[in-house]
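Have a look at the structure below, then the notes.
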Amino acid sequence: MTKYIFVTGGVVSSIGKGIVAASLGRLLKNRGLKVTIQKFDPYINVDPGTMSPYQHGEVFVTDDGTETDLDLGHYERFIDINLNKYSNVTTGKIYSEVLQKERRGDYLGATVQVIPHITNAIKEKIMRAGTTTDSDIVITEIGGTVGDIESLPFIEALRQMKSDLGSDNVFYIHTTLIPYLRAAGEMKTKPTQHSVKELRSYGIQPNMLVVRTEQPITREMRNKIASFCDVEPEAVIESLDVKTIYSIPLNVQKQNMDQIVLDHFDVQAPKADMSEWIDLEHHVQNLSRTIKIALVGKYVALQDAYISVTEALKHAGYTDDADIDLKKISAEDVTPENVEELLGDADGILVPGGFGDRGIEGKITAIKYARENDVPFLGICLGMQMASVEFARNVLGLKDANSAEIDPKTPDNIIDLMADQEDVEDMGGTQRLGAYPCKLKPGTVAAKAYHNEEVVMERHRHRYEFNNKYREAMAAKGMVFSGTSPDNRLVEVIELPKKRFFVASQYHPEFLSRPNRPEGLFKAFIDAANQTGKVKA
């Protein structure tokens with residue numbers, strides 16, 4: 001029978017529940033168990049696809065085209081699995097589906113209520129995550145903190161799961177903060193005690209506590225927490241601040257986190273072989289070089305807005321024994337007058353995805369600088385589109401060239417709306433989303449980046465595409481269309497082969513990068529940038 005692990009949080013948000021859940025998932029997977037993981041977000045949006053990155057951070061896209069919370073990126077990178085639409089569920093999605101059933105008459109005239117209809121829908125999503133993947137273990141993280149009014153239906157559903165499945169088949173983990181008061185030189189357990197008290201008031205007794213802390217907790221403190229919160233002392237897991245998040249699975253393994261869970265489930269499994277992870281973590285802590293990458297984007301003020309890009313750069317750097325010094329530059333600040341000052345010390349320039357016209361000219365200026373000065377360049381999604389526009393303006397001489405998204409009246413719409421998007425009215429969930437095949441042209445930089453594979457599957461999130469009526473003119477000036485859809489209609493990758501590295505993709509390669517298996521384009525980009533990387537002092 002499938003076993004279910006529920007991860008909740010208390011005291012403060014952004015406490016690291018997702019990393020804890022992903023770390024446990026990796027340990028259980030390495031013990032030979034099939035694991036899947038999901039995130040419930042209490043907000044009323046159906047998905048994060050229409051939310052500002054400043055509000056929510058990055059939108060992560062799964063193979064099946066679901067726009068999800070950025071925590072799913074952590075899940076995939078840590079556990080090395082591909083997730084699906086059941087891996088991210090919001091209050092908005094639950095209510096939308098319940099209301100659709102009510103309109104169809106599925107409830108046979110019953111009064112539709114939070115209990116049982118909403119809670120049953122939540123439980124169905126939990127069960128589906130396991131049945132659709134045939135998993136041994138389902139890990140479910142609840143966003144926000146216990147006590148938030150928005151999360152109450154989810155907490156109630158988790159409580160009911162124990163009655164539905166039996167206590168031997170569910171395991172509750174509660175993550176909390178132990179604040180350190182520098183003035184007093186003390187760590188305080190009271191917030192954790194109150195958070196657990198709140199959780200217990202909703203009918204859930206946690207089996208394990210994960211306490212986030214700046215300082216190591218003492219045995220006395222561990223026993224105190226265990227006594228007041230009614231858990232075993234060994235089930236109080238310390239989560240210290242670390243230099244790299246890839247230390248966390250090893251840290252919690254040392255505290256027998258995975259074994260405690262399996263003992264509760266009465267599941268026998270060999271000890272997790274984490275030798276590859278140990279090597280990775282040691283390598284990450286001892287990198288000998290530094291590569292400076294300039295990321296020119298729209299949402300640089302928020303760290304999480306480009307989290308998958310940041311992690312993909314790091315993964316590629318690890319294989320080159322290089323730490324990535326990421327210099328985030330607001331595209332709005334880049335002008336022809338200051339571009340040398342802003343980008344002159346960069347070993348590579350990356351322009352990521354985005355939407356809208358704000359900062360567009362700054363991105364084009366940065367791309368022009370990379371092309372004219374032969375600085376390794378990687379463009380992603382909008383970055384690829386603007387690389388095409390820059391080439392049209394400054395190489396083909398089409399001075400008013402633009403994207404129809406930015407300037408609908410441009411005489412040279414190098415980037416145009418996709419035909420199947422013309423009658424689309426809703427914004428949410430209507431883009432070209434998910435994994436699609438990209439056919440690579442043999443002998444190109446892109447093909448070599450993927451070890452000369454003929455076709456690669458990559459994830460997309462866009463409405464606009466390269467306008468094929470400009471393909472011939474650009475090719476005549478040296479641009480190579482090295483990746484296309486299998487029918488050759490949609491341009492997926494462009495490159496300038498005479499440059500050290502100048503490649504841009506319509507798809508989002510960052511979503512498939514793994515810490516021990518960097519994505520091809522990122523690896524090739526960092527390899528090129530590494531030629532000017534600096535040895536660490």
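The backbone N, Cα and C atoms fix where each Cβ goes, glycine too.
Quick look at what Swiss-Prot annotates:
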type: REGION; residues: 1-267; note: region 'Amidoligase domain'
type: BINDING; residues: Ser13, Lys188, Thr189, Lys190, Pro191, Thr192, Gln193, Lys224; note: UTP binding site
type: BINDING; residues: Ser14, Ile15, Gly16, Lys17, Gly18, Ile19, Asp71; note: ATP binding site
type: BINDING; residues: Tyr54, Gly354, Leu382, Gly383, Met384, Gln385, Glu405, Arg463; note: L-glutamine binding site
type: DOMAIN; residues: 292-535; note: domain 'Glutamine amidotransferase type-1'
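Locations of recorded Swiss-Prot features on the structure.
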residue : record                   : Cβ neighbours (10 Å)
Ser13   : UTP binding site         : 11
Ile15   : ATP binding site         : 19
Lys17   : ATP binding site         : 25
Gly18   : ATP binding site         : 25
Asp71   : ATP binding site         : 25
Lys188  : UTP binding site         : 14
Thr192  : UTP binding site         : 26
Met384  : L-glutamine binding site : 26
Glu405  : L-glutamine binding site : 19
Arg463  : L-glutamine binding site : 16
Cα-nearest neighbour of Thr192 (UTP binding site) within the listed binding-site residues, Gly18, Gly354, Arg463: Gly18
Cα-Cα distance linking Ser13 (UTP binding site) and Ile19 (ATP binding site), given in Å to the nearest integer: 13
Neighbour-count leader, CB within 10 A, binding-site residues: Lys190, Lys224: Lys224
Output field, ATP shell: CB within 8 Å of site CB centroid, site Ser14, Ile15, Gly16, Lys17, Gly18, Ile19, Asp71 dropped: Gly9, Val20, Ala21, His74, Glu141, Thr175
Surrounding CB atoms that lie within 10 Å of the CB of Gly383 (L-glutamine binding site), all protein chains: 26
Fewest other Cβ within 10 angstroms of its own Cβ, chosen from the binding-site residues Ser14, Gln193: Ser14
Tertiary neighbours of Gln385 (L-glutamine binding site) (same chain, Cβ under 8 Å, six or more apart): Ser403, Ile414, Ile415, Tyr464, Phe466, Gln506
Rounded Cα separation (Å) that holds between Met384 (L-glutamine binding site) and Asp71 (ATP binding site): 26
Candidates Ser14, Gly18, Asp71, Gly354, Gly383 (binding-site residues) - the one closest to Lys190 (UTP binding site) by CA: Ser14
